[in-house]
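Peer 1: Below are the structure tokens for one structure; questions will follow.
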Number of protein chains: 2
Amino acid sequence: MSLGEFDLIRHFFDRPELRSSRPDVLGIGDDCALLSVPEGMQLAQSLDTLVSGVHFPEHCDPFLLGYRALATNISDIAAMGAEPHSFTLGLTLPESDTDWLQAFSDGLVALAQPSGLALIGGDTTRGPLTISIQVQGLVPSGQALRRNGAKEGDLIYVSGSLGDAAGALPAVLEGLYPQNCEDASVQYLLQRYYQPSPRVKLGQWLAANGATSALDISDGLLGDLGHTLKASQVGAELNLEQLPLSPQLLNVAGKQKAQGYALSGGDDYELCFTWPAHKTLELPEEIRAECSVTCIGRITDAEGICDRATGQPLSAAAYRHF
Amino acid sequence: MSLGEFDLIRHFFDRPELRSSRPDVLGIGDDCALLSVPEGMQLAQSLDTLVSGVHFPEHCDPFLLGYRALATNISDIAAMGAEPHSFTLGLTLPESDTDWLQAFSDGLVALAQPSGLALIGGDTTRGPLTISIQVQGLVPSGQALRRNGAKEGDLIYVSGSLGDAAGALPAVLEGLYPQNCEDASVQYLLQRYYQPSPRVKLGQWLAANGATSALDISDGLLGDLGHTLKASQVGAELNLEQLPLSPQLLNVAGKQKAQGYALSGGDDYELCFTWPAHKTLELPEEIRAECSVTCIGRITDAEGICDRATGQPLSAAAYRHF
């Protein structure tokens with residue numbers, strides 16, 4: 001890109017709303033960003049790439065795209081129990097369209113500001129629309145929520161409701177957005193798809209209060225829970241009747257499809273965590289006001305995931321036709 | 001990508017040669033990587049994106065591509081005076097070709113291992129070939145080489161020789177590689193283009209011994225030095241006769257073109273730094289064995305860059321036709 005374009009892009013990303021208020025952070029403008037990590041803390045980092053036509057529809061609303069790209073990354077920070085710190089952005093664009101850049105940047109700001117995330121560096125290049133974001137957060141040393149800590153007998157919980165983003169997919173593919181959708185239930189599902197709520201406070205609380213494992217559900221409950229089980233060398237049984245389904249999803253998809261979406265649909269960015277059975281899980285009011293948590297099963301010493309009611313194995317593949 | 005492909009890719013990137021030997025680093029396999037930063041140190045981070053057909057030729061040799069993608073990023077760490085620590089990789093690929101992945105991964109290993117860089121996380125996605133790498137390094141707090149410290153009277157130095165990568169471009173566009181090029185001079189230039197040498201030890205020494213500014217030359221000397229001058233609010237005069245030109249570049253391009261390449265050609269990844277005139281610059285033998293440094297001018301209180309011999313302004317645009 002020419003220097004003029006670089007200046008243009010700097011205008012959209014070196015915005016006061018995206019600058020760090022931390023005195024020990026050097027942001028955009030030198031060869032590198034600089035930051036320090038307080039003693040007793042670790043830096044948690046996650047990088048995700050979103051490709052146009054693969055991870056989001058071509059010609060996607062740029063505000064929602066900026067918001068969603070950041071949200072899906074913050075969700076990984078939440079899943080480790082870390083506090084959001086900063087992010088870097090690798091943006092590849094076919095052309096420098098100022099309206100598009102303004103809306104994309106506004107979408108980043110809309111989530112970065114309330115999350116306390118500063119944009120501290122990155123790169124803008126010419127090419128097919130691709131967004132790589134690395135988000136980083138701070139977590140007390142040794143307290144991060146790993147995937148390998150689930151123990152037999154632990155209860156399995158999920159936050160919020162599951163399957164909403166999968167339930168939105170038909171509307172997403174039709175090109176509907178929350179702001180131009182008339183059906184209130186579909187509008188809600190679209191909102192869940194485009195503006196997922198990373199469970200940051202919940203993750204931090206779980207890390208500080210003894211959850212044994214956590215991850216975020218990006219590829220579907222069965223597949224993602226499978227990662228925890230593999231890392232922890234345990235199995236799970238699920239109570240399908242307990243899966244938290246939103247009334248809007250039940251309205252749009254009916255119970256059977258909704259269960260399928262909840263088990264195998266991706267993009268929900270809720271947390272799935274395990275909790276020792278002998279401890280009461282009492283979330284503070286501040287967190288309960290943001291999202292519910294629901295016990296959906298327990299960790300076993302068997303292999304794989306089974307349906308508690310029937311004892312039959314549950315596989316993501318079996319639900320993928322929903 | 002399907003799970004099978006994920007496993008395949010993990011095989012190429014979660015290699016023992018790319019794992020961190022630091023006990024305080026959690027690498028690939030959880031929602032986030034985790035690392036700590038020792039007290040009194042800062043983490044320097046730089047993210048760069050390379051797009052096929054824009055930053056490297058389509059169908060580029062994957063070994064050289066992996067090597068070069070990492071080298072250009074390490075160069076930013078060198079320019080801050082930091083010691084390489086770790087990197088994350090966002091790789092977008094049209095298909096999972098195992099031969100391609102093996103060679104690309106080998107190219108990363110070939111540079112990461114001697115540099116002490118571990119691959120601690122990332123994301124692989126399906127789409128047009130794009131490589132985003134974030135490299136991070138450690139630097140003693142307050143010691144990082146910024147762009148804003150150049151002072152009137154400081155001497156301007158560059159490392160190695162300039163213009164080689166620009167001199168290689170015609171051969172690059174022809175599809176030649178160092179290994180299939182018969183002309184020894186062109187082969188050397190191709191080597192310089194595809195396997196630049198990040199000046200890591202030089203950068204660390206300069207940071208510890210009082211250089212006043214530094215950056216790496218990725219877009220051409222005049223343009224990049226311009227960033228230092230702007231950040232430091234100073235000007236520069238250059239002695240064009242002092243520009244370090246390799247005998248190979250002089251062979252291939254002749255002196256006039258070679259000077260043009262040195263002034264405005266990108267991709268050299270040499271350091272350009274400023275040094276107080278009253279201090280002797282005595283590099284230790286260990287660093288001199290890796291690369292020379294050459295004084296090419298000095299910082300002035302004027303605006304912009306001028307030719308010391310003629311007093312005329314030097315602009316990158318005037319040389320861009322070379």
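Every residue, even glycine, has its Cβ placed from backbone N, Cα and C.
Remember, predicted model here, so these are calculated numbers, not experimental data.
Not my notes, these are from TrEMBL:
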- A:29-139: domain 'PurM-like N-terminal' (DOMAIN)
- A:Asp31, A:Ser46, A:Asp76: Mg(2+) 4 binding site (BINDING)
- A:Asp31, A:Asp76, A:Asp216: Mg(2+) 3 binding site (BINDING)
- A:Asp48, A:Asp123: Mg(2+) 1 binding site (BINDING)
- A:Asp48, A:Asp76: Mg(2+) 2 binding site (BINDING)
- A:His55, A:Asp267, A:Tyr319: substrate binding site (BINDING)
- A:Gly122, A:Asp123, A:Arg147, A:Ser218: ATP binding site (BINDING)
- A:151-302: domain 'PurM-like C-terminal' (DOMAIN)
- A:Asp219: Mg(2+) 5 binding site (BINDING)
Peer 1: Can you tell which of A:Asp48, A:Asp76 has the least company, meaning the fewest other C-beta atoms within 10 angstroms of its C-beta, among these binding-site residues?
Peer 2: A:Asp48
Peer 1: Among the binding-site residues A:Asp216, A:Asp267, whose Cβ has the fewest other Cβ atoms within 10 Å?
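Peer 2: Output over binding-site residues A:Asp216, A:Asp267: least Cβ neighbours within 10 Å is A:Asp267.
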Peer 1: Among the binding-site residues A:Ser218, A:Asp219, A:Asp267, which ones place their CB within a distance below 8 Å of a chain B CB?
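Peer 2: Cβ contacts with B: none found.
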Peer 1: Taking the Cβ of A:Ser46 (Mg(2+) 4 binding site) as the centre, count every other Cβ atom within 10 Å, in any protein chain shown.
Peer 2: 28
Peer 1: Have a look at the binding-site residues A:Asp48, A:His55, A:Asp76, A:Asp123, A:Asp267 and say which one has the shortest Cα distance to A:Asp216 (Mg(2+) 3 binding site).
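Peer 2: Nearest listed residue in space: A:Asp76.
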Peer 1: Please classify the secondary structure at A:Asp76 (Mg(2+) 4 binding site) using three-state DSSP.
Peer 2: helix
Peer 1: Give me the mean pLDDT over the domain 'PurM-like C-terminal' (A:151-302), rounded to a whole number.
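Peer 2: Taking every residue of the domain 'PurM-like C-terminal' (A:151-302) together, the mean pLDDT is 96.
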Peer 1: What is the separation, in Å, between the Cα atoms of A:Asp76 (Mg(2+) 4 binding site) and A:Asp267 (substrate binding site)?
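Peer 2: Between the Cα atoms of A:Asp76 (Mg(2+) 4 binding site) and A:Asp267 (substrate binding site), the distance comes to 12 Å.
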Peer 1: Of the binding-site residues A:His55, A:Gly122, A:Asp123, which one has its Cα closest to the Cα of the residue listed as 'Mg(2+) 5 binding site'?
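Peer 2: Nearest candidate: A:His55.
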Peer 1: Near A:Gly122 (ATP binding site), how many other Cβ atoms are within 10 Å of its Cβ?
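Peer 2: Step by step: centre on the Cβ of A:Gly122 (ATP binding site), count other Cβ atoms within 10 Å, giving 24.
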Peer 1: Taking 10 A as the limit, how many CB atoms besides its own sit near the CB of A:His55 (substrate binding site)?
Peer 2: 20
Peer 1: What's the CA to CA span in angstrom from A:Gly122 (ATP binding site) over to A:Asp31 (Mg(2+) 4 binding site)?
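Peer 2: Here the two Cα atoms are 10 Å apart.
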